[in-house]
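Engineer: Look at TrEMBL and you will find 21-106 tagged as domain 'Pyrroline-5-carboxylate reductase catalytic N-terminal'. Among the features that TrEMBL reports, transmembrane segment is placed at 203-226, 246-270, 291-309, 347-373, 385-406, 418-441. Per TrEMBL, domain 'Ferric oxidoreductase' is recorded for 249-393.
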Amino acid sequence: MEKDQASFAMNVSSYVKKESVCVFGTGNFGRSLGHRMFQCGYSVVFGSRNPEQSSLCHKEIEVLSHAEAAQRSDIIIIAIHRDHYKFLGKLAEELQGKILVDVSNNLKINQYPESNAEYLAELVPGAKVVKAFNTISAWALQSGTLDTSRQVFLCGDDKESKQRVMNISRTLGLTPLDHGSLVAAREIENYPLQLFPMWKFPLYLSGALFIFYFIYFSLRSIIYPYVNKNTDRTFVLALSVFNHSFSGMAVTLLALVYLPGLIAAILQLYRGTKYSRIPNWLDHWMLCRKQLGLIALAFAFLHVMYGLALPGRYSGKWYLANRVIEQIISNKTDPFLTSNVWNFDSALTLGILGFFLFILLGITSLPSVSNMVNWREFRFVQSKLGYLTLVLCTAHILVFGGRKFVKPPELIWYLPPTYVISLIIPFVVLVLKFILVMPCFDRSLKQIQQGKERNSLSKKVQLGNNNTEV
C-alpha cells in the first residue's frame, strides 16, 4: 500500500514538473505568480520586452523574448496591462492554438466597452483565452497567506483550456470557481474594484438602526425632560445614548442574522419544496449574514467598553456622593434588597456569558479557523451556539429591565424604554425558532430539505388511490 502511494506521488510530481508554463511580463504580479508555480513543480519561463535587463530571483527560471518564450509552452500567462496588448497581435502565429490566461484588472468598473479578456481574444483570434487569477494579490502569492483570497474566478469559451487552468489553480493551493463563458470576464474583472460589496447592506442597516436608537433614546432622556420639566440633560449624549444604542443594535443585528434562515424555512414549508427559488432580497440578506454578525459583535464590544466606563463618569460620581450625603444628614441608609442583587448579578452574568459566545462566533467565522473544522462542527457553532448566544443576550436585557417593562411611569410620551424596543426582533426570532423545532414542523422541514416534495407525494398518494379504485 505504501509503495503504491509513493509511486502515485512520484507520478503526480513528474507530471507537474513536465508541465511548462510561460509568463508574459516580469512585473510584481507576474514574478509572484511565476515563482509560485515554480515552487509547485512547474517549468516556468518568462517573456519580456527586454530579457537582458530583467532580473529574477531564481537562476533556473529563464527570461526570453516574447516570441521565444511562447514556443516553450502552450499555456501563457498574460501578466501585462491592457494598454500593452497590441504587440500580441504581431505574435498571432506563435500564439496560434495557445491558452492565453488573462490576469489583468482595470482602474475603474466598466472602464472599457468590452472586458480585457474579450479584447485579448479579438487581438489573437487563433488563441484560447481564459480569464483567471485577477482576484489574487501578489502579496498573497509571495507570502503564501491565501486565507483571505483563496478563490479563483475563471471563465472561457474552451472547456479543456479552463480545466487545465483550474488544475494549475488547485496545484497552487487555490479554489477555482468556473463562471462560464468568456462573456463573464467583465463581471470577474469588476470584483477587485468593488469596495466591500457584501458589506453595503449591513452597513446601511446598521446606520439606520443607530439613527433610530439615537433619536428614540434622545426623545425619552433629553427632549422630554426639557419640554416637561425644563431640565437640561444633554450631557447624556456623551456616554449613555451611545451605550444604550450599541446594546440595542448588537442584539437586534444578531437576531437579524438568523431571521432570514427562518423566513426561508417557512417558505419551504409553505411551498412544500426546496427547489423553488427564494426572493432576491432574501437571497442577498442570507449572503450578508456573516457581515451582519461581525458588525453585531463590534457593537457588543463597544457596549462592553462603554459599560466599563460608566462607574468613572462624572455624573455617576456626583449622584453617588450626593446620595451618601443625604443618608448622613437623614441618618438613614437604604435597605439591602436581595432581589435587587439577584437581578443585577444575574443580568451581569448573562451578559458576560453572551459576550463570550459572541466572541466565539466571531472567531469561528474567520477563514483561518473555519477551514480547520468540518461542516458539521461549523454548523453546530454558528447555529446551535448562535441561538444560545441570542437567548443569553436577550435574557441579559430582559433581566436588566426587570419589572420596568410594565410599570406605567416608564412610559414617556407613550414610548417604552429603549431596551423594550430592542427585544422585539429577538423575541420574534426566538418564537419562530421555537415553533419550527416542534416535531410536527421539524419533521416536515427535514423531509423537504432532504429533497422530498409535498406536491409530488400527494400526487403519488392520489395515483395510488385511483389505481386501487380501478
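Positions of Cβ are set from backbone N, Cα and C atoms, glycine also.
So where do these features actually land, and what's packed around them?
Structural biologist: Tertiary neighbourhood of the transmembrane segment (203-226): same-chain residues 196, 232-234, 236-237, 240-241, 244-245, 248-249, 252-253, 256, 292, 295, 299, 412-413, 415, 417-418, 421-422, selected by CB-CB distance under 8 Å and a gap of 6+ residues from either end.
Non-local neighbours of the transmembrane segment (246-270) in the same chain are 202, 205-206, 209-210, 213, 276, 278, 282, 285-286, 289, 292-293, 295-297, 299-300, 302-303, 306, 358, 386-387, 389-390, 393-394, 397, 418-419, 421-423, 425-426, 428-429, 432-433, 436, 441, 444-445, 448-449; each lies 6+ residues outside the stretch with a CB under 8 Å from one of its CB atoms.
Outside the transmembrane segment (418-441), and at least 6 residues removed from its termini, the chain residues within Cβ reach (under 8 Å) are 213, 216-217, 220, 244-245, 247-249, 251-252, 254-256, 258-259, 262, 265-266, 269, 387, 390-391, 393-394, 397-398, 400-401, 405.
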Engineer: Per DSSP, what is the helix/strand/coil residue tally across the domain 'Ferric oxidoreductase' (249-393)?
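Structural biologist: Counts, helix then strand then coil: 122 helix, 0 strand, 23 coil.
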Engineer: In the domain 'Pyrroline-5-carboxylate reductase catalytic N-terminal' (21-106), how many residues does DSSP call helix, how many strand, and how many coil?
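Structural biologist: Split into helix, strand and coil, the domain 'Pyrroline-5-carboxylate reductase catalytic N-terminal' (21-106) gives 27 helix, 20 strand, 39 coil.
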